[in-house]
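The structure appears right after this line, and notes come after that.
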Amino acid sequence: MFYANMKEFELIKLVERLFGDEDVITPAGKHDAAYVKIGNRLIVLTCDTVNEKSDFPPYMLPEEMGWMAIAVTLSDVAACGARPLYFLSSISLKSIEFFEDILLGIKRCADRFGVKVVGGDIDFSEITTIAGFAIGEARRHITRRGAKVGEGVFITDLPGKAQLCLEMLERGAKREELPYAEKLYTPVPRIEEGMRIARYASAMTDVSDSLAVSLHQISQSSNVKIVLDNIVLSHLSPAENALELFLYGGGDFELVYTAKSSDDGIRIGRVERGKGVFAEIDGKTFEVEFRGYSHF
């Protein structure tokens, strides 16, 4: 993971221009996943890719690679408040030595959330790469668009933990020294929380690219201003860059959402008239940049 300019999001905008007018409820690029109507069922479709060069941290076991591949894909389903049903994967390896371990990781995560693994593909590659495709079913249509003035901004858990652990590894820390190793190696998609939140939230997305990126996406899609007025950094202590981690760190698979009230998350801000994302700390207000994790 690394902080970078928003080239990846520029590529997504290209996808929107080419495919964003398809005759579906929520087309490509508009949300974490696509919504399509099949009969009377509201179906959610999404895919994600992870590889050893840009996604797998040091000391990651093959079984954890499999877990991560399905977990990050299911996180997009969670951001729709949907129940995941089926999963397929395309696995590219330079050696079949750890193939079974990767499958076991996929199975562990799938079994935890009642997901059926129904197929996939195997290929050769110089770097281990796993692409996942998930199908889910939602009860209602919720996206990044819909936040309303006067609502609160909530998150299922405080962000920055995965990035903190990654930066500790990059400075020479051992895996057993990490305070939140599970956030980095076996992230848990917020499936149950997402289904509950979707019943009442006005907008929702996951924060895998960073809290800042996700809030900007909600702000732009909903045409509102978001102000963070309850920034908690104690969980990132004693990191000197705790605020940077909180706002711009990637790799957390929490859900951020807007609602009048909520018992499913931590309130971190409010929705106002206007545009952009801002933060209030010690009586001072500053603008939050559109910045976070990018593959490019």
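The backbone N, Cα and C atoms fix where each Cβ goes, glycine too.
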Which single residue out of D123, D157, D206, D209 does Swiss-Prot record at the Mg(2+) 3 site shared with D32, D76?
D206
Within 10 Å of its Cβ, which one of these binding-site residues (D32, D48, D76, D121, D209) has the largest number of other Cβ atoms?
D76
